[in-house]
Amino acid sequence: MKFLLALWSVFYNIPISISQTTQNINVLLINEENNALAEKSFEVAKEYIRRNPSLGLTVDPVIVVGNRSDAKAFLENVCRKYNDMLSSKKMPHVVLDFTMTGVGSETIKSFTAALALPTISGSFGQVGDLRQWRSLTSNQTKYLLQIMPPADILPESIRAIVIKQDITNAAIIFDEFFVMDHKYKSLLQNIPTRHVITPVKSFSKDEIKTQLRSLRELDIVNFFIVGSLRTIKNVLDAANENQYFGRKTAWFALSLDKGDIGCGCKDATIVYMRPTPDVKSRDRLGKIKTTYSMNGEPEITSAFYFDLSLRTFLAIKSLLDSGKWPNDMKYINCDDYDGKNTPNRTLDLKTAFQEVKETPTYAPFYIPEDDPMNGRSFMEFNTDLTAVTIKDGASIGSRILGSWKAGLQNPLSLTDPENMSDYSAQLVYRIVTVEQKPFIIRDDDAPKGFKGYCVDLIEEIRQIVKFDYEITLSPDGNFGTMDENGNWNGIIKELIEKRADIGLTSLSVMAERENVVDFTVPYYDLVGITILMKLPMTPTSLFKFLTVLENDVWLSILAAYFFTSFLMWVFDRWSPYSYQNNREKYKDDEEKREFTLKECLWFCMTSLTPQGGGEAPKNLSGRLLAATWWLFGFIIIASYTANLAAFLTVSRLDTPIESLDDLSKQYKIQYAPLNGSSAMTYFERMANIEVKFYEIWKEMSLNDSLSDVERAKLAVWDYPVSDKYSKMWQAMKEAGLPNSIEEAIERVRASKSSSEGFAWLGDATDVRYHVLTSCDMQMVGDEFSRKPYAIAVQQGSPLKDQFNNAILQLLNKRKLEKLKENWWNNNPDAIKCEKQDDQSDGISIQNIGGVFIVIFMGIGLACVTLGVEYWWYKWRRRPTIGDVTQVEPAKSVRNNVDIKQGDRFTFRSRNLGLVNLKPKY
């Protein structure tokens, strides 16, 4: 009759009203033992159908409950119930699979896929997580459907938080209401976050405290608690007793429960996320809860299973009403299945499920249009994100931060993005260091208590990586060396034992260190070992020209000068042939010089100068004495000049220490590296290698099994390998290795000279800094055993890659060059030293300046003498003259001057009537 009415309607275009018939739907409900809430929601949906006959359907369920861990018994029970349905001609229209996870759930997936039973599943799992439904055909994806429950989608908000907060480490703790097995890999995939996903091991506070301590020892500071409000409270109470609240840690709580979180925390702030029903669904949710007693908790989970059941019923009814349900639906029982006889279905349950128009009870289902549903469909609920502050066990307020819409890749929607940063753990890394100027300098006024090149470097890295840090000194003050038993000390030990996150100082990259810690790319050039010695101080003296001859020589020369001058005066006074005793004989000579005692002193003095002494005595005895004095002066001046040149050159003839080889070949200067330093390790190992080579050579040479020819090839007069380092290491041990840089510097400064004392072998940067900040030391020789400086981190730490990226960025921006400029060329502690006088550029004023002092003294003495002469002449020896109008000194008149013996001056009167004017003196 319906068929005829339909034809009538088509041909004559007459609408026909057909009364709605009630469809009976057979449902096979499969559930787990610990998922009673799902079964209760199913019963509510069945009751809803019963009370609303306008929907035109009835539900006839067969319920199977099994244990997820006992897959065999579970499957046997399901097959028995299914076979009973087939035997009673109650073919199941649909299978509602409420299993959650595990082998039991996978068994049900295998059962439904093998027998081609239309199935709606509420199991946990994203794309590819349902292994038995992983390789479905296109037809199978239309009737084997999965919708992820809210407990499977809520943890996805962790991904959004981690991305927003740029979290680098996280611990995710969950309880039995959530399944996280399939999320170990997928939850934070492709995000550089070191994370641990672990279930709450117990409800015992002590066990939770132990669990939190073990997580904290992994350097995790961001904690996510995913579970019921009870679980959240237990974990927060344990964290409070462990004192894990503060700026160094961040706590996030995610729950499907209604209500506020609470704990006995003294002072804690927790970011709390919980779902809220859609505005359009709140009235319906309240009606379903009151009318149909849907009071199961969590509320969202009850609503999910209710909507899933109801939409499944309506989708099956739609297929039946529309005639899209196959009339020849073929079913086989479990016993008939042989692995190859799976029925072929063309049923499109997905479209029917998607087209159901029933109002959602909590939030709508998201179902992709083109892609398969499995692993991509879920309830698209909203969550509120609030910051809850608890003091002394009571909540004192909450702050709305934003919201998150359920999804697999959805970001957070924040009211104020800046506020969210206040609730993230300040990433505080523990830096261990050794004070080493200018890389690390202790400064109580600095923000972190230290300053220097490395502090500026870590500040630059911090701007890129975003973290905070605390700096502490290495307990034993060492960089890190390994003893004979393989045990480490210093910075390396702190990193190995995870008491520090970063080793920051002038730390050299060494092979054995790389075996136990990780190093970043070098932040500094290759740095080798070099020598620090006392700077040779060339003595200077303004009267250095006087030190050429010894004092007794100067006294002897002075005595010879006075004695010779005295003898010359005596000879001139008593010789009958001298000028003063025989004036008539020499009256026609141009040079008339009377050798008084004053003239003798002047003659002997000027005879030693290039000016010469002037006219020699007239008498032969005087001339012989003058010639003797000239010869004496010539010899003295020649000797003085030669010795002066040699004296000023002798300092340049000293052979200085210019290399490690020079240092090793002498014995006056002791030398040693710092105890426990990389330099000490270098020399110790080089010495051990030489000893080892010697043992090998000796063993070969004394081997009795060698033939004469082989022995002849090894026969040498000398040991063929150098033993330089063995001797140096022995000398170092005898000299004593300084235990600190300060001790080494004191020993260098205490050296008597640059050729006797102590030399320190250390890193070139340390040596260069002390030369830069002092004027009494020098760096000697080229660098050797060069190694780069780098930052050390724990082995396997993600900081290595993060710091590598930051250092390379700083290198490209030339920031590292600027740091070198600041701490070397522009170092505030640098001292500008005076240039040492090495006479390589000539004689300095410090050594010859006494000559100028002699000149100024002579000038001063001459000025004083002039004053005395003027005073003596004007006030003591003024002549008394009668009527004198003008008196002039007589001009020299050769051959016409009458000189009387004893006269000193001769005056000549001019137009004055005075014939002879006899002077008073």
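Glycine residues also receive a Cβ, built from the backbone N, Cα and C atoms like all the rest.
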Field: Whichever of Cys775, Cys863 is disulfide-bonded to Cys833 when TrEMBL is consulted
entry: Cys775
- prompt: In TrEMBL, Cys79 is paired in a disulfide bond with which of Cys265, Cys334, Cys454?
  reply: Cys334
Pairwise CA distance, Ser508 (L-glutamate binding site) versus Ile657 (site 'Crucial to convey clamshell closure to channel opening'), rounded so that it is a whole Å: 27
Field: For L-glutamate, whose listed binding residues are Ser508, Arg513, Ser678, Asp763, the greatest C-alpha pairwise distance in Å
entry: 17
- prompt: When DSSP states are grouped into helix, strand and coil, how many residues of the domain 'Ionotropic glutamate receptor L-glutamate and glycine-binding' (438-497) land in each?
  reply: 20 helix, 13 strand, 27 coil
Statement: Around the recorded L-glutamate site (Ser508, Arg513, Ser678, Asp763), other residues with Cβ within 8 Å of the Cβ centre, ordered by sequence, are Phe479, Ser506, Leu507, Val509, Met510, Ser677, Thr681, Lys787, Tyr789
Query: Averaged over the domain 'Ionotropic glutamate receptor C-terminal' (428-826), what pLDDT does the prediction give?
result: 85
- prompt: About how far apart, in whole Å, are the alpha carbons (Cα) of Cys79 (disulfide bond) and Arg513 (L-glutamate binding site)?
  reply: 63
Statement: For Ser678 (L-glutamate binding site), the closest of the recorded positions by C-alpha position, picking from Ile657, Cys775, Cys833, is Ile657
Message: Nearest of the recorded positions to Arg513 (L-glutamate binding site) by CA-CA distance, picking from Cys334, Ile657, Cys833?
response: Ile657
